[in-house]
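Student: Grabbed the feature section from TrEMBL, which reads as follows:
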DOMAIN    13-440  domain 'Enolpyruvate transferase'
BINDING   LYS22, GLY115, ARG143, GLN192, ARG366, ARG410, LYS434  phosphoenolpyruvate binding site
BINDING   LYS22, SER23, ARG27, SER190, SER191, GLN192, SER217, ASP335, LYS362  3-phosphoshikimate binding site
ACT_SITE  ASP335  active site, proton acceptor
DOMAIN    453-659  domain 'Cytidylate kinase'
BINDING   GLY457, PRO458, SER459, ALA460, SER461, GLY462, LYS463, GLY464, THR465  ATP binding site
Amino acid sequence: MDFIDLPQCMGANGSVRLPGSKSISNRVLLLAALADGETEVRDLLSSDDTARMLDALRTLGVDIGEVESAADAGMPADGIGAGSAAGCAGKLLRIRGVGGSFPVREADLHLGNAGTAFRPLTAALAFAGGNYRLSGTPRMHERPIGDLVDALRQAGADIEYLGNEGYPPLAIRPAKIDASRTISVRGDVSSQFLSGLLMALPLAGGGSIEVVGELISQPYIDITLATMRRFGVVPHSEGKSRFEVPAATYRSPGVVHVEGDASAASYFLALGALAGGTVRVDGVGSDSVQGDVRFADALALMGARISMGENWIEAAPPAAGRLRGITLDCNHIPDAAMTLAPLALFADGPTTLRNIGSWRVKETDRLTAMATELRKLGAEVEEGVDYLQIKPVLPGSLRPATIDTYDDHRMAMCFSLAAFGAPLRINDPGCVAKTFPDYFLHFAALTQAVPVIDIDGPSASGKGTVAARVAAALGWNYLDSGALYRLTALAAQRAGVAWNDEPRVAAVAAGLDVVFGVDSILLAGEEVGEAIRSEEISSGASQVAALPAVRTALLFRQRAFRRAPGLVADGRDMASVVFTDAVSKVFLTASVEARAERRYKQLISKGIAAKLQPLLQEMRERDERDRGRSVAPLLQSADARLLDTTELSIEAAVAQVLAWARPLLPAQTCR
Ligand SMILES: O=C(O)C1=C[C@@H](OP(=O)(O)O)[C@@H](O)[C@H](O)C1
Ligand SMILES: C=C(OP(=O)(O)O)C(=O)O
């Protein structure tokens, strides 16, 4: 399983230029493809969902060319919504419209899990007079489409379910289309059905639509109407329940500029509200056509300080105290509402997100997924049919955890925010590619991680003593990573597992039941501080540490020690593997003779019989093994400073490590 480990984050500030809006991008692509004339599309979102729409349109015979970059084109542009994301690393495309009918009349289209491709293309192709098969990911085949098919059939469309009734995949065949009678469509499962119908109706010569029952996610209909208007078709509507779509052909407006993605903005604004500084997003603002900009209102309700311009939004934490817990009907912001769930962990009281039943039929069942993963962090969560109530976690008590993301981009992005409370491992982070492939790069650039000082070195170099004292001097946490390998060796021995049995030792490492106290180490409830220091266990530790599966099993355990205000970590691969981004890296060593003598004195002082020569020999062998092992060999990282303690006192070594580190530390983490 692929994963990303996020260190606990202490602060956030800076600005992000948002990627193009997914909802606008896929609407613009479809209408530009159907229109008369050529359209230049600027700042299009480049992601899986738009790639699925582009592939489909090309398969249908639409001529789409990619041009250099938006910045190079140098032409004025009008936005869909005035707050366009100029300068964001979006694509620039030229689309030669087909003037109302796709040239390719038979095609197999794979539309991934892109609702904004699947639903509107189903509607457009139902009126296109060809033979088409539309399929998607296994999850897409679990996402309902029956209400849209029912509506299209009222106009005579010939659509067959190829799998389960009411769900993709679909077969569409040529049919006699007659949209003269009002088409009724349900809108309580997804607004994308109505959006698809609205955009397709001009292909059927126009017509009337009546929405039956409640319409969810209403602001997305405004995006649809705005995009249609931009392409020259002006529907009339009575509220959000009746629509008249004229008989008209879409006409290219020439150049279209896609504004930034308001749902993507929510993660950064939440970061600002939680951990700012101030975080600013560029590309959406008060002029945006996207309903998800109203996420900023929810943040304001929680006490965050929000400022907004036409094309930007800024968020900062409350002037005093924690965010407030809120109760909110989230029907109007179904996607951005997810971002409120991890924020609720840090509020001063419970937060209830209401009217979010549609979450159950999106990339995953988001209600259950969210509740399950929040609970892993130690939160108390109540999951209702269409609501979530989340109780906050006491400051400092969020549990480090491995978060599953269910192939849902928003789960991955939302949970990155929980790293404000604890180090996290996020599984399958690549799923963000659905709408925001670079998300984690932006997240890392905006956040300040808890600082780490790495102290690596060979055995008996004094690194443990020095590291513990540096940690005490700074008031930071301390990780003796060697102790985890020693504990693994001891636990394996006690379980009768041979130290060279890699899979079984790795399983022991993964399941270690350890509690580190100030002066104690409990293994399965038993004090083992002395037991793990024996020569036998030292040798066992060196053997199990050479097993790659054991090192992998212990990696996140070690990273979970990175808690505020800072961490001093000692070991052998802190700088090269575990905490590669440490603020200061030290390689602490001493001659092998000096180290053997130190170990000898240590043993004698504890009343343990020892001989210098065998100790020296063993230390040489251990050095050899540690240097020569294929995974994480003991070596001085290129960016680490060498500290030779052969002639140095512990006090002098501590003072040197501190003197190197102090100028590099963030101000709030220093004593
Ligand atoms: O029309 C759109 O662009 C969208 C509508 C919403 O879906 P529902 O209408 O299914 O809630 C939203 O969740 C989705 O991400 C995009
Ligand atoms: C629900 C979402 O996607 P889709 O467009 O596939 O419905 C989403 O992006 O959160």
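Positions of Cβ are set from backbone N, Cα and C atoms, glycine also.
These figures come from a predicted structure and were not determined experimentally.
What's the neighbourhood like for each of these?
Tutor: Cβ neighbours of LYS22 (phosphoenolpyruvate binding site) (same chain, under 8 Å, six or more residues apart in sequence): LEU45, SER47, ASP49, THR50, THR116, ASP261, SER263, THR435.
For the recorded site, SER191 (3-phosphoshikimate binding site), the DSSP three-state label reads coil. All protein chains shown were included, and the count of other CB atoms within 10 Å of the CB of SER191 (3-phosphoshikimate binding site) stands at 23.
ASP335 (active site, proton acceptor) falls within neither a helix nor a strand when secondary structure is assigned with DSSP, and so counts as coil.
Mean pLDDT of the predicted structure over the domain 'Cytidylate kinase' (453-659): 92.
Taken residue by residue with DSSP, LYS463 (ATP binding site) is part of a helix.
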Student: Test of understanding: give the count of other CB atoms lying within 10 angstroms of the CB of GLY115 (phosphoenolpyruvate binding site).
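Tutor: Taking every protein chain into account, the count is 24.
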Student: Compute all pairwise C-alpha distances among LYS22, SER23, ARG27, SER190, SER191, GLN192, SER217, ASP335, LYS362, the residues listed as binding 3-phosphoshikimate, and give the largest one in whole angstrom.
Tutor: 19
Student: Look at each of the binding-site residues, ARG27, LYS362, and point out the one with the fewest other Cβ atoms around it within 10 Å.
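Tutor: Fewest other Cβ atoms within 10 Å, among the binding-site residues ARG27, LYS362, is found for LYS362.
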Student: Around the recorded ATP site, report the further residues of that chain (criterion: Cβ within 8 Å of the mean position of the Cβ atoms of GLY457, PRO458, SER459, ALA460, SER461, GLY462, LYS463, GLY464, THR465; site residues excluded), sequence-ordered.
Tutor: VAL466, ASP570, LEU588, THR589, ALA590, ARG595
Student: Determine, using Cα-Cα distances only, which of these recorded positions is closest to ARG143 (phosphoenolpyruvate binding site): ARG27, SER191, SER217, ASP335, LYS463.
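Tutor: Closest by Cα: SER191.
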Student: Measuring Cα to Cα, how far is GLY115 (phosphoenolpyruvate binding site) from LYS362 (3-phosphoshikimate binding site) in Å?
Tutor: 8
Student: List the recorded positions among SER191, SER217, ASP335, GLY457, SER461, THR465 whose C-alpha is within 10 Å of the C-alpha of ARG410 (phosphoenolpyruvate binding site), in sequence order, or say none.
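Tutor: Qualifying among SER191, SER217, ASP335, GLY457, SER461, THR465: ASP335.
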Student: Using a Cβ cut-off of under 6 Å to any atom of ligand 1, determine which of the recorded positions ARG143, SER191, GLN192, SER217, ASP335, SER461 qualify.
Tutor: SER191, GLN192, SER217, ASP335
